[in-house]
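Notes to accompany the following structure.
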Amino acid sequence: MTSGNYSPPSDHDHDIDMEAGGVGGWTTPHETEFVDPFDIGNTKNASIETLQRWRQAALVLNASRRFRYTLDLRKEEEKEKRRRMIRAHAQVIRAALLFKLAGQQAIAIDDMAERSLRCVAFAYRSCEVDEVPSDEEQLEQWNLPEDDLVLLAIDPCRPGVKDAVKLCTDAGVKVRMVTGDNLQTAKAIAMECGILAPDADVSEPTIIEGKAFRQLSEKEREQVAKKISVMGRSSPNDKLLLVQALRKGGDVVAVTGDGTNDAPALHEADIGLSMGIQGTEVAKENSDIIILDDNFASVVKVVRWGRSVYANIQKFIQFQLTVNVTALIINVVAAISDGDVPLNAVQLLWVNLIMDTLGALALVTEPPTDHLMRRSPVGRREPLITNIMWRNLIIQALYQVSILLVLNFFGKSILNSNDSTEHANQLKNSLIFNSFVLCQIFNEFNARKPDQVNVFSGIMKNRLFVGIVGTTFVLQIIIIEFLGHFFTTVRLDWKLWSVSLVIGVTSWPLAMVGKLIPVPRTPFIKIFIKPYQRCIAARTACTA
């Protein structure tokens with residue numbers, strides 16, 4: 001930056017906002033200490049004359065058309081603070097006009113771009129005020145001095161971004177980069193971040209300019225959008241068009257952005273992620289999630305926790321449906337056949353408490369695991385209850401219904417009780433109730449890992465789960481042994497407790513074997529609906 005007879009301020013509590021991420025600095029011939037010329041905190045004590053020189057320098061640079069940035073000087077009389085904001089766009093910096101290195105006459109901007117340099121460059125030179133024309137017409141004709149400029153650039157890719165991109169890719173999340181940089185710069189940065197593989201195809205449409213994408217028809221954009229990895233020379237509207245094209249193609253789209261121009265894309269996306277530090281208020285208001293540390297690696301945490309919440313909801317639904325289906329079938333069958341139900345209203349209230357309250361707390365509080373990041377993303381139209389959940393539900397429900405119905409119809413003969421008919425019936429119903437509750441307690445472990453054989457993996461990391469299961473088991477003992485009057489149960493001896501425990505524990509090996517059964521990828525609902533749809537289509541064709 002050129003300024004009129006300016007010497008660096010003394011303070012260092014400055015504020016800077018660079019769109020392209022550069023660092024500036026200068027030294028004078030009589031100084032050896034490095035001073036950052038773009039630190040802004042010092043301007044609170046700067047004189048009005050100095051601020052005018054800065055503004056004049058900005059006009060000079062704009063007139064020279066060798067830099068394109070905005071310089072905003074804000075003066076707050078009450079607080080006596082002035083701030084300036086420098087935003088740089090690397091594409092318009094002509095390095096050949098700014099400096100010479102190693103005897104070369106020029107360094108082309110494409111050469112820098114191919115080395116993943118964003119070409120964010122700031123130059124400083126002290127000039128006398130009289131040397132800088134004050135008239136705008138003279139500024140247009142004034143030749144900006146090109147010698148004795150002090151230049152310092154470039155900022156690299158933030159550490160951890162490459163690992164974060166790899167984790168997203170492994171999780172099935174395709175990372176796309178939409179930038180205003182030219183294609184050479186965008187390509188180099190994308191390779192450095194891992195968005196593009198070293199052997200990746202770098203022709204269209206993998207790498208495309210915003211203008212070319214903008215000129216496509218709507219259908220062509222939908223087809224090309226899925227293949228795009230990098231979009232350079234793009235405008236905010238190009239990002240919006242890309243989001244719209246991906247969503248129309250059925251993809252779930254998340255967008256990161258920090259500027260006001262990103263607001264339409266953030267609002268249009270399924271998930272908008274704005275930056276908490278550099279993000280504008282407009283961007284934050286149009287986003288769904290605010291990343292407080294402005295780090296792309298935090299997107300991985302968003303994916304992990306989002307998948308964890310979704311998976312935990314599925315676990316609870318599987319557990320809840322198993323309990324409901326089993327209880328419904330047992331009571332309905334028993335009521336139709338004998339006119340008596342083994343599970344009364346009070347017992348079902350206790351089962352409902354296990355299912356809706358304690359079970360929900362135990363399963364929904366499961367922390368995220370690395371296994372979730374190896375799953376494929378869930379499509380927009382995929383059902384909440386998957387084929388794996390149906391398989392687990394059917395296996396457990398069939399087992400529980402079979403065992404408990406056998407106890408209901410043949411329990412008296414199996415128990416071989418010599419007591420009265422009423423007591424024998426209560427003993428049978430107490431065994432059914434106890435076995436049913438213990439089946440649900442042990443089935444909670446199976447629900448933790450719907451698609452994994454080892455249901456005990458990481459169980460000690462969730463102490464709440466262990467505590468809830470233990471509490472439920474203790475309460476069940478208290479109900480059977482001490483609260484029989486309220487629950488219409490009788491005490492069970494150790495043999496019947498052992499039978500109940502064996503019935504409950506059997507659900508573990510049964511679940512492990514069941515998880516070895518493969519399931520089709522096509523949802524069961526679609527499999528059953530297809531014949532109906534074909535029948536409807538055939539009838540429509542006949543009537544036509």
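Glycine is treated like the rest: Cβ placed from N, Cα and C.
What TrEMBL says about a protein is an automatic prediction, not a curated fact.
For the ranges 320-341, 496-517, the feature annotated in TrEMBL as transmembrane segment maps to 496-517.
Looking at 1-23, 24-46, the range tied to region 'Disordered' in TrEMBL is 1-23. The average pLDDT computed for the domain 'Cation-transporting P-type ATPase C-terminal' (341-517) is 90.
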